[in-house]
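Enquirer: What follows is a single structure, and I will ask about it in a moment.
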Amino acid sequence: MTAPVTHTEQDTGAPASPPPAPRVVPAGEAFRNACRYEWRHLAALRSTWVLLGVVAVLSLLTGPSLLLDLDRTRAIGAAQMGDVLAWSPMATQIPLLCFFVLILGTGPVSTDLVRGAARTTWLAVNGRRTAYAAKCAVGFLVGAGVAATSALVGAVSAAVVLAAAGAPQPAWAAVLLPVVRFVLWMGCWALLCTALVALLRNRITPVVLLCLWPVLGERLAGLLLGYVPGLDGVGDWLPFAVGRAMLTDVSAFAGDDKAFAEVMVGSDLPTLAALVVYLLYTAALTAAGYWAYCRREAPTG
Amino acid sequence: MPKGDVLVEAQHLRRSFGSRTVLDDVSLTLRAGEVTGFVGANGAGKTTTIRLMLDLARGAGTTLFLGRPLHAWGSPGNVVGAVLGGIAGHPKHRVRSHLRMVAAGCGASDRRVDDMLELVGLTQAAGLRLSQLSLGMAQRVGIAQALLGDPPVLILDEPANGLDPHAIRWLRDFLRDQAAQGRAVMVSSHLLGEMEQLADRVVVLSRGRVVAASPVAELLSRAGSRSVVTVQTPDLAGLTRLVEEQGGRLRPAGGPSAHITGLDRIRVGALAAEGGVVLHWLSEDMPSLEDFYLSIAEEEFRIS
């Protein structure tokens, strides 16, 4: 028979004061705490800072890349400059997409649902709803912030290179609008990634999907839909065609450049309409991700 | 919070997978200043119960923490600290970063993180990645994490798993200390023996149902009623008659030995003396809480 219960108070180093009675934390404060939680999740990973560093360094190459095809007699148009900041430095796009898809987009949700940290998250912040809202808010803000910073660094680099080459500066104030659309696009990318991981509860599939669908899958789908009677215009409305139309104002191009831009964009929607449709796509997918995330159970183990 | 106040009240917890019910109408309460042992065999439903209580899994029933559903408090970490199998986080996060992240989530300061690391004796390990922690260290980090929000309720699922005897002793003292400070502590285990030294109350779960819930002392007393008296006598037939007249049961154990149940050794000795039966040996084995629990579980198994 085991000895009877004797509860001696040994010194375990525990603080002697009793725990305070908890207080009800208002929803706003709980959300702010959850956002701090999500930010610290990102900030504590070395990969976040490594990729941000790569993004920053490559953003500096925006200026030198202009020298490859620079007409020193004419100022670059605002739409073209916006396009350069958003698209041309392809080297910048790769780490940007790595950052958005891997770190910012899929990381926070996959850590919860795939790596099993959901129980930590849901018990630290106020449950699934607050956690998902915070992931979206932090993802969007950080994503938009990184895109804005990248665009700013790229713009400064371009301005310096143009000045050094003796070429006229573009109308920088007019570049602001395309850059704002670029920043919105990148913020939405983070939301799309988050939602997709929540829906699929898998990290690899969304990454593959998000890398291949915009480039190949959607163009193929648009092409095939064109053969279906009555659906020949649907290709214009597919998510990433709409996203490209939102980013690139095709009407600002002329001649061969315009034809090339039209082919690259793959949608005839005007910029503003494309922006609205893209935001609606993002909102719908984010809502679906919210629904899926809130239905999940915390993985065991 | 005064000792004995009900801090957690779980009612009618139920969970099924298709037609299979894994948890059936489980209700329990946790009180301030008490350690409640939650005991059951592997697969009895302990972890499922805890997950339902913490809203980490879906099922029926309600659990109120200090009179409210957990998420009505807005910051669960300030109400309940849970240790569910060590630590769950990003394997690349370092211990201190992970705890600071959790502290931010429940509104605790970074200073609190260092205090809790010191409390569990892991200040030196603060720079390790979560993937580098041993099972024992992970349990301690889990405890530090659970205490970050200074919650009045602590729930630990099999916290002794993977701990060496020294660490188990530390954990036992630590949890008693937490209860002494006024916290309601719930500890699940598949080893009832652990609870004899730790818990004030025990809830026994078998096949998804609560089969016993009472103070440890009471459970030990009930277990005592199942004691087995061993005797040696040259007159087994005479002793059998005397024992059966008093409602006991004698089972021969080979030669002059026998085991008697239903009567304690004092009663058996008195009966033998009154009936003129010579005894060469008389002893009584009190079943441990462990044996008692196993017998309950066995009965449950037979009934179902």
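Every residue gets a Cβ built from N, Cα and C, even glycine.
Annotated region 'Disordered' per TrEMBL: A:1-23, in sequence order. The transmembrane segment annotation in TrEMBL covers A:49-70, A:90-111, A:132-165, A:171-200, A:207-228, A:272-293.
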Enquirer: Counting Cβ pairs closer than 8 Å, which of A:132-165, A:171-200, A:272-293 has the most of them with the transmembrane segment (A:207-228)?
Expert: A:171-200
Enquirer: How about long-range neighbours of the transmembrane segment (A:272-293): same chain, 6 or more residues beyond its ends, C-beta under 8 Å?
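Expert: Same-chain contacts beyond the flanks: 109, 113, 128-129, 131-133, 136, 181, 184-185, 188, 191-192, 194-199, 201, 237, 239, 242-243, 245-246.
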Enquirer: Do any residues of this chain, six or more beyond the ends of the transmembrane segment (A:171-200), have a C-beta under 8 angstroms from a C-beta of it, and if so which?
Expert: 75, 78-79, 81-83, 85-86, 96-97, 100-101, 104-106, 108-110, 113, 132, 135-136, 139-144, 146-148, 151, 155, 159, 206, 209-210, 243, 246-247, 249, 271, 275, 278-279, 282, 285-286, 288-290, 292-293, 296
